[in-house]
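Colleague: Submitted below is the structure of interest, expressed as structure tokens.
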Amino acid sequence: MSQASKYCINCGREIPTAATFCPFCGASQSATESSQPIQPATNDSATDSHPHFNMWSAFRLGVSQVFTWHQRIARPAFWWLYLDLVIISLILSTISANTIFRAPAFWFDPSFFSWSSFIWLLIYSACLSFTSVMQITATVRRLHDTNRSAHNLWWLLLPIAGPIVLIVFLAQKSQPAGSRFDRPAKNSKSWIHKWWTWCILVLLTILYVFSYNYTGYVTATTTSQASEFQSTVPDDTASDTTDDTSEDDDSDEDDSSSDDSVMIGDSKIDVSDSQTYDTDYSDSNWAGSTFSIDEITVYETDGTYTQGSGSDKEEFQGVIKIHMNIQAGRDITAYPTQSKLSTNDGQQVDVDSDSDDFDGDLNSGTESDGYLYYVIPNLSDVSDITQIRLKWDAYYDTDDIDDDNDYKTFDATINLNS
């Protein structure tokens, strides 16, 4: 007759029943250990009180043992619970695909806040926190049921092969030696009545809220939309100094067309109508330099577009494009790309940051030209713009403290004649 045996409470190996120390690892065997021989389990659910499981009974068991680590869960119960959690995750993700995954519920700008999105993000994060803890603890108990410790979760850090190894472990039958992980709870109260369990869930929920909110922000700012383009407008550095005003009444209408689009930087703006004017504006009264504007185009957009985000988000229905040429008579610094434009119908806008980079420090004798773009909030017809006023700054360095002409604010008013 074979000698009766039991399993070491530390390493799980089979040892004689009468042994007080494990001959393999040297661990002392508890006096409370059963002296009865351990019989092989007859089915996989030997570690649970229910001989048969389904989706509902497995989910109820998972909920009741959300924060239970030092126990076991049978193979059928674990995989039914896993199916439950996958279905719940798919439902939540499908509902959230067009909400929290596409745009943030809140951001650092106080005016950018959506209550409906925030409430759903909070619900989604709370559910995800609960199911995540349930999945982790159930996985630990399943490993215990196969006589393996929770340290086998470290396999997940190994790409590709690690998860496969863990799945193989989780799919194995129950091992009687796994009973070494069965330890009585120090506190018989349900996890619902313990403060630390709720702290963990709250902290995980906050983590998920910020993580998915940032994901929504990244998605919103990187997704290209036909009806939206992003623009960052620089601060205007012009000062209110003595202005030198010039007026040009001799612009001629060149053509009215329906070009399909206008490019501002990398953004394509569809247009429904446009009109180009040839102008002969020129100012040579400062620093021996000449600033001239020879072409102005007014575009009516095909629908309403938006620029910016949060509190800076604005709609626009038109674009004005101005071609400027600079001939430097001495070393100068000029900033047409930080200019302001106003129109005859009372609108004032800053130059768009995607305008051509042709200004700044210009050496004497050099020539530079480029296009300036201005988005117009309201425009129902290109013929509505009959006059523009453009202001920009320029200066040069000088050691002459009596030179009052070193700084100038250009002020150009140009009539767009039909």
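Note that Cβ sites are derived from N, Cα and C of the backbone, with glycine treated the same way.
Any TrEMBL annotation is an automated prediction that lacks curation.
Residues or ranges marked as compositional bias 'Acidic residues' in TrEMBL: 237-258, 351-360. Among the features that TrEMBL reports, domain 'Zinc-ribbon' is placed at 7-28. Taken from TrEMBL, the feature region 'Disordered' applies to 228-279, 337-362. The transmembrane segment feature in TrEMBL is assigned to 77-97, 117-140, 152-171, 191-210.
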Colleague: Looking only at residues six or more beyond either end of the compositional bias 'Acidic residues' (351-360), which have a C-beta under 8 A from one in the stretch?
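Modeller: For the compositional bias 'Acidic residues' (351-360), the list is 231-234, 264-267, 324, 326, 333-341, 368-375.
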Colleague: What mean pLDDT does the predicted model reach across the domain 'Zinc-ribbon' (7-28)?
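Modeller: Mean pLDDT, the domain 'Zinc-ribbon' (7-28): 69.
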Colleague: Same chain, outside the transmembrane segment (77-97) by at least 6, Cβ under 8 Å from its Cβ: which residues?
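Modeller: 45, 48, 50, 53-55, 57-59, 61-62, 120, 124, 127-128, 131, 134-135, 138-139, 141-142, 145, 170, 212.
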Colleague: Go ahead and report the DSSP secondary structure tallies for the region 'Disordered' (337-362): helix first, then strand, then coil.
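Modeller: Counts, helix then strand then coil: 0 helix, 13 strand, 13 coil.
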